[in-house]
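Okay, structure first, notes after.
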Amino acid sequence: MNLHEYQAKQIFAEYQLPVGKGYACKSADEAADAIKKLNGDVWVAKCQVHAGGRGKAGGVKLVRNEAEVRAFADQWLGQRLVTFQTDVNGQPVNTLYVEEGSSIARELYLGAVLDRASQRVVFMVSTEGGVNIEEVAEKTPHLLHKMAIDPLTGGMPYQGRELAFKLGLKGDQIKQFAHIFVQMAKMFVEKDLALLEVNPLVVTKEGNLLCLDAKIVVDSNALYRQPALKAMQDPSQEDPREALAESHQLNYVALEGNIGCMVNGAGLAMGTMDIIKLHGGQPANFLDVGGGATKERVAEAFKIILSDSAVKAVLVNIFGGIVRCDLIAEGIIAAVNEVGVNVPVVVRLEGNNAPLGREILANSGVNIIAANTLTDAAIQAVKAAEGK
């Protein structure tokens, strides 16, 4: 789960990390009031969306007076911001973050991720801040330095100092960086994070470190024990179909194809998408209905899949383990009748009572194409999507 920059900076402040003073604003009036409460004569207004690349897309602006901040608010609030990390529709801008301007001498990068290979939280730093870190890793990997955190000790000051030396920091800056490093390592574990990023971490002209930006991604599997973070979730930034699926305990990810997929089991779902691609088709989604493929869940899954107007056919691929295929077949028939599916539906059943399940589908009178194998199902779905 992503947090907005202003939310991330609230958490940064809880951990005594250096952030500028700012206000989240939902109207032009609030933005105008914000600059009156902030110090300085230059401020920064930022669109709050769950995507990077805001600056290049025009979503970040230096403002010098009330007229400029009002104009920026009127331009963006209620609109959608398109960046290189969004789709063509962009993300809705419902909030601006207005903060004090900063005098910047250097821009650095500081981030942390959970590295599954080493089973450690790994920090990364670079002297190339303020740019896409993926480009730095690809083009100049020697400028990216890493530090793994021992889960027994947490982040240690000496590790922070070592990274500070590699960044070319001097004097009191080293002490400041070590503090930031230790507190971020603590935050990462205590808040159940999946990613933590400051890009850029700046050295001001006064020689101090400042977290100019802040990005937090929370591990969604841990939200049950992070109620305060859960309350920060912004549904407007999520695909509405994905949000609806989550409310029904369905795992759904929207894609850009035209063959809807309904599968039980994440591994089988990925395999189904692969075989659709292998036979020349394009999956419209990833959807795992889980172990209990009941009529109700199948019906909701159909509704979510068919809410995508690009879907021209649906492939249902169910492996009956504990759940019997004959019961699944009855659930599919009931769901198709209830939802009113108007595109071809290809169903492949395998496992417990699969022959009986296929017989029930064949005798149902419902417009369902029964497939005997996964390959057959994929071929049939691709043909159906092409109108053949």
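Positions of Cβ are set from backbone N, Cα and C atoms, glycine also.
Taken from Swiss-Prot, the feature domain 'ATP-grasp' applies to 9-244.
Marked as ATP binding site by Swiss-Prot on the basis of sequence analysis: Lys46, Gly53, Arg54, Gly55, Glu99, Ser102, Glu107. Of all the Cβ atoms in the protein chains shown, 17 others lie within 10 Å of the Cβ of Glu107 (ATP binding site).
Taken from Swiss-Prot, the feature Mg(2+) binding site covers Asn199, Asp213, and the record attributes it to sequence analysis. Mapped onto three states, the DSSP output places Asp213 (Mg(2+) binding site) in coil.
The substrate binding site feature in Swiss-Prot is assigned to Asn264, Gly321, Ile322, Val323; the stated evidence is sequence analysis.
Summarised as a single figure, the pLDDT of the domain 'ATP-grasp' (9-244) averages 94.
Ranking the binding-site residues Ile322, Val323 by how many Cβ atoms sit within 10 Å of each one's Cβ puts Val323 at the top. Ser102 (ATP binding site) and Asn199 (Mg(2+) binding site) have their C-alpha atoms 14 Å apart, to the nearest angstrom. Rounded to a whole number, the distance between the Cα atoms of Glu107 (ATP binding site) and Val323 (substrate binding site) is 56 Å. Across Asn264, Gly321, Ile322, Val323, which the record gives as binding substrate, the greatest C-alpha separation is 12 Å. The two recorded residues, Glu99 (ATP binding site) and Ile322 (substrate binding site), show a Cα separation of 56 Å. In sequence order, Glu5, Arg54, Gly59, Val60, Leu96, Tyr97, Val98, Glu99 constitute the residues six or more apart from Lys46 (ATP binding site) in its chain with CB-CB distances below 8 Å.
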